[in-house]
Amino acid sequence: MSSSMWYIMQSIQSKYSLSERLIRTIAAIRSFPHDNVEDLIRGGADVNCTHGTLKPLHCACMVSDADCVELLLEKGAEVNALDGYNRTALHYAAEKDEACVEVLLEYGANPNALDGNRDTPLHWAAFKNNAECVRALLESGASVNALDYNNDTPLSWAAMKGNLESVSILLDYGAEVRVINLIGQTPISRLVALLVRGLGTEKEDSCFELLHRAVGHFELRKNGTMPREVARDPQLCEKLTVLCSAPGTLKTLARYTVRRSLGLQYLPDAVKGLPLPASLKEYLLLLE
């Protein structure tokens with residue numbers, strides 16, 4: 001082997017070793033106790049190198065280290081790069097930390113980036129009920145009705161967990177409440193699936209009431225019969241049967257229609273400018 005080839009191979013090996021140490025330092029797995037992120041980068045660690053499935057920027061978001069996220073971006077980390085799971089750093093940040101989300105968005109992160117299952121960061125923020133991340137993403141142009149591989153929206157993801165705070169924010173931004181996924185489920189039916197497992201709390205009940213106000217009318221029965229899992233809970237089955245049997249009133253259907261006609265914007269601001277009495281504005285905003 002020529003000396004020049006040996007030097008190249010040694011250089012690559014050294015850089016790889018530094019980059020691996022960078023990942024471990026960010027994750028606080030310190031093989032070298034005195035390592036720090038800035039020194040490793042200065043020494044030649046590649047801020048865009050992938051180790052296994054991990055990239056440094058994604059790892060910093062996983063541990064909610066906003067200062068490290070900003071440092072990596074300043075040193076050239078690719079803000080929209082995909083890791084081994086086809087996820088961007090923003091997907092991880094959206095689950096955990098608003099500060100990381102804000103830094104990534106400031107550096108040009110795509111709020112509508114898709115992972116391998118076509119999930120957006122907003123799907124994950126809604127699922128984890130990270131309400132401030134939900135709001136930050138929506139304010140930065142995230143699509144409130146983005147569809148994943150199953151045609152589920154962020155509202156569906158929030159509803160299946162009974163995440164009242166995230167559901168409320170998504171509805172404020174005009175999320176479509178009557179969306180149907182590929183197997184016939186709606187946001188409110190996803191929430192019912194949680195309630196029938198006996199996992200509902202007062203917050204989940206409030207979430208159901210909010211979705212019910214938003215949708216106006218919903219139907220869970222097939223050929224006049226409630227799903228078997230609902231029928232196992234007589235009290236819940238009776239309540240849902242009454243709600244499904246009652247036709248939507250003109251008032252509730254008009255609310256849904258007006259909200260939808262306002263389009264994809266922050267509805268509290270849009271409704272504020274309408275020439276309506278305060279009581280009707282509150283009604284449109286699902287406050288009663």
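Glycine residues also receive a Cβ, built from the backbone N, Cα and C atoms like all the rest.
According to Swiss-Prot, the protein has these features:
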DOMAIN    235-288  domain 'SOCS box'
MOD_RES   Ser17  phosphoserine
REPEAT    52-81  repeat 'ANK 1'
REPEAT    85-113  repeat 'ANK 2'
REPEAT    117-146  repeat 'ANK 3'
REPEAT    150-179  repeat 'ANK 4'
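Per-residue confidence over the repeat 'ANK 4' (150-179) averages 97 (mean pLDDT, predicted model). Away from its own ends, the repeat 'ANK 3' (117-146) comes close to residues 88, 90-91, 93-98, 101-102, 105, 111, 152-155, 157-158, 160-161, 163, 165-167, 169-170, 173-176, 179, 264 of its chain (Cβ-Cβ under 8 Å, at least six residues beyond either end). All chains included, 12 other C-beta atoms sit within 10 angstroms of the C-beta of the residue listed as 'phosphoserine'. Residue counts for the repeat 'ANK 2' (85-113) under DSSP, helix first, then strand, then coil, are 17 helix, 0 strand, 12 coil.
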